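Participant: If you scroll down you'll find the structure; I have some questions about it.
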Amino acid sequence: MRGRHVDSYSMYKRGTRDHVINTYDYDKEQVRLLSGVGKDIGNPSWKRSFPYILLAALSSFLFGYHLGVVNGTLESMSHDLGFHGDTMAEGLVVSTCLGGAFVGSLFSGSIADGVGRRRAFQLCALPLIIGSSMSATAKNLWGMLLGRLFVGTGMGIGPPVAALYVAEVSPAYVRGTYGSCSQLATCLGLMGALFIGFPAKQIEGWWRMCFWASVTPAALLTLFMEFSVESPHWLFK
């Protein structure tokens, strides 16, 4: 009787100890997952979506670039196009793209839902390419204003689609980090426009090169979006 009682007590202690150990292992695994050590378990790697995030950020980069490109080039541009000293004309050159951006932003959501995120990026890059080319080859004020209006339309479409695309493509555990890429790209675009515009006062016609330079990232956005993944949320809809 005593032997059976001892055996039962030993089994009870062993079962309790195993339960405590299993519970401890489970809790430790939960802490491991929450602390980020086990992110790859049940989640896609951040490396798979990172190239697409960088590509989408090109639209935000172009937004910042076209906002800042006229800051260093306005004086030489106004001399070449014949409106130097006309503050109204200079203000229109600076602000026309913002009017186009307002129009583009009104339709960005319906475009993204109608044709998909990838096609929306390509439609955003098209007026950016056309408008930059028109600005770079402008012969008078009206040609410049029309080019800036086209550029603004693309500026209004791109960043909202980029924010949507980044949120839908990135894994949940890095979504906030990836969401900041658009803001960083806008700041880099502003800084890039500032640096590329430095020689504008010394080199005649350099302001045209500043507008031509923005055609390349817009063309890359159009090309590589053809090979990028579509938003799973849009595909599900």
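The backbone N, Cα and C atoms fix where each Cβ goes, and this holds for glycine too.
Curation does not apply to TrEMBL; its annotations are automatic.
What TrEMBL records for 49-68, 88-108, 144-166, 178-200, 206-227 is transmembrane segment. Per TrEMBL, domain 'Major facilitator superfamily (MFS) profile' is recorded for 52-237.
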Participant: Please identify the stretch among 49-68, 88-108, 178-200, 206-227 with the greatest number of Cβ pairs below 8 Å relative to the transmembrane segment (144-166).
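Facilitator: Stretch with the highest Cβ contact count: 88-108.
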Participant: For the transmembrane segment (88-108), could you work out the same-chain residues 6 or more beyond its ends whose Cβ comes under 8 Å from its Cβ atoms?
Facilitator: 63, 66-67, 70, 74, 77-78, 120, 124, 127, 141, 144-145, 148-158, 160-161
Participant: Average pLDDT across the domain 'Major facilitator superfamily (MFS) profile' (52-237)?
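Facilitator: Average per-residue pLDDT within the domain 'Major facilitator superfamily (MFS) profile' (52-237): 91.
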